Amino acid sequence: MKNIVDARGLSCPQPVLMVMDAFKKIEKGEILVMTDTQASKENVSRAAESKGWTVKSVQEQNQEFHLKLTRS
Amino acid sequence: MKNFFATRWGIIGTGAFIGVLAALLQKLGNPGNMGICVACFERDISGAVGLHRADVVQYMRPEIIGFVFGSLAAALMFKEFRARGGSAPIVRFVLGVFAMIGALVFLGCPWRAMLRLSGGDFNAIGGILGLVSGIWIGTLFFKKGYNLGRTSTSHAGSGFLLPLIMLGFLILMLIFPQVKDQAKSGILFYSVKGPGAGHSPLFLSLAIGILIGFAAQRSRFCTMGAFRDLILFKQTHLFMGVLSLMAAALAANLILGQFKPGFEGQPVAHTQFIWNFAGMAVAGLAFALAGGCPGRQLFMAGEGDGDAAIFVLGMIVGAGFSHNFGLASSPKGIGPYGMAAVIIGLMVCLFIGFFMRKGETQ
């Protein structure tokens, strides 16, 4: 996957700002967002949904969250 | 498992919960329009351990201890506890110092600004406008790439240090309990008059603090984030929590007979609009740059965030400077060096905002 937002270790609002930047670059498709706090996971999901993106899946591994955002 | 607290009703419920409990704490003995004030209470803790000797504001506030314990419990229970840190700690310390200095020019943290307004103190409007302005300046820095850098995971023990410091404070309070009409008990200082002398019973304060800490950790309640997200993303999620806090506190104050509208003679407040505004603008900018209001910093510290813990310690030390140097306001007005402190605080925060950016690391 080409579109990756690595927001690990960053706290709000950075992860959401980075995802918003990614939304500006590509209008549709798939973005993988990596975060490492529940709060960032929730904030990114909320922001994505408000911009018409769908949180397709959330994978949790080693206290990291990988969110797959899609928009068609 | 879905986190109910992270939903819209979750944040509204948490705000209302805090609003009602704050009004109740005031009824139980906490100072006027100060059912909860994170800045004032950390300032009182600073006085209790003698970092400043303003004799009217010395008390080891159990609410603050409870906030950290409640958040720690929630984080452990829901497997969110993670010791982390290393994101520009010295910057966070300095931001904590000036956040406190600014807040004490206004006389309150953002929570108390809301509670003051809900109690009818219209001077709080200046503070809230200042808070929003400070946060707005912060969002301009965010848009320009302001960033304190990534945290990294640390040894679990480091995440427990602030909760352990709070436990130590609680133990000190039990070993050296308040003695009526005495300004000192063992090594701890207590106020015999002034706001520091007003407090609800220790274990009630602690229990309510723990409940709020738990709910706030789950819901990510943050008064700075509320305005920041509204300005930056037009997102109302956290803002609903703040509105709910004010509405609930107003309703509770009306029922408890604590609503007294006006500008003059408000408890622990002064009427200098411009300095209410400016003090809180500095504080708001410092909170924005540090990523959380003082309450949220305590809750993050409870989750194991060492950077938030350093911000908290910065605030406690900042309270020492505030009172030792005559920077803090009193009901008579701003302190002799309050104006200078606000100007220096603004310059320091702007410096941090301008220079902590991507590409400025070398």
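Just so it is clear, glycine is given a Cβ too, placed from its N, Cα and C backbone atoms.
What TrEMBL lists as transmembrane segment is B:7-25 (among others).
Per TrEMBL, the feature transmembrane segment maps to B:59-78 (among others). Here the transmembrane segment (B:59-78) has Cβ contacts under 8 Å with residues 3, 25, 36, 38, 41-42, 44-45, 47-49, 162-163, 166-167, 169-170, 172-173, 178, 188, 190-191, 196-197, 199, 202-203, 205-218, 295, 298-304 of the same chain, all six or more residues outside its ends.
Within the chain, the transmembrane segment (B:90-113) has long-range Cβ neighbours (under 8 A, six or more residues past its boundaries) at 18, 22, 33-34, 36-40, 42-43, 124, 126-128, 130-131, 134, 148, 223-224, 245, 268-270, 275-276, 278-284, 286-287, 289-290, 293-295, 297, 307-308, 310-319, 321-323, 327-329, 334-335, 338, 341-342, 344-345, 348-349, 352, 356. Under the heading transmembrane segment, TrEMBL lists B:90-113 (among others).
Panel annotation: around the transmembrane segment (B:125-142), residues 102, 106, 108, 110, 113-114, 116-117, 224, 227-228, 231-232, 273-274, 276-289, 350, 353-354 of the same chain, lying at least six beyond its termini, place a Cβ under 8 Å from a Cβ of the stretch. For B:125-142 (among others), the entry in TrEMBL reads transmembrane segment.
Residues of the same chain lying 6 or more positions beyond the ends of the transmembrane segment (B:154-176) and with a Cβ under 8 Å from any Cβ of it are 45, 49, 60, 62, 64-65, 68-69, 72, 81-86, 185-188, 202, 206, 301-306, 309, 312-313. Summarising the annotation, TrEMBL assigns transmembrane segment to B:154-176 (among others).
Long-range neighbours of the transmembrane segment (B:196-216) within the same chain, counting only residues 6 or more positions beyond its ends whose Cβ lies under 8 Å from a Cβ of the stretch, are 5, 13-14, 17-18, 21, 24-25, 28-32, 34, 36, 44, 47, 55-59, 61-74, 170, 173, 177, 190, 295-296, 298-299, 302. Among the features that TrEMBL reports, transmembrane segment is placed at B:196-216 (among others).
The feature transmembrane segment is assigned by TrEMBL to B:237-257 (among others).
Under the heading transmembrane segment, TrEMBL lists B:273-294 (among others).
Look at TrEMBL and you will find B:306-325 (among others) tagged as transmembrane segment.
Long-range contacts of the transmembrane segment (B:337-356) within the same chain: residues 88, 91, 94-95, 98, 101-102, 105, 137-138, 141, 146-148, 275, 278-279, 281-282, 285-286, 289, 322, 325-329, each at least 6 residues beyond the stretch ends and with a Cβ under 8 Å from a Cβ of the stretch. For B:337-356 (among others), the entry in TrEMBL reads transmembrane segment.
Beyond the ends of the transmembrane segment (B:237-257), by six or more residues, the same chain brings 8, 11-20, 22-24, 26-27, 35, 111, 114-115, 117-120, 219-223, 225-227, 229-230 to within a C-beta distance below 8 angstroms of the stretch. Beyond its flanks by at least six residues, the transmembrane segment (B:7-25) meets 35-36, 63, 111, 114-115, 118, 200, 204-205, 208, 211-212, 215-216, 218-221, 237-238, 240-253, 256, 258 of its own chain at Cβ-Cβ distances under 8 Å.
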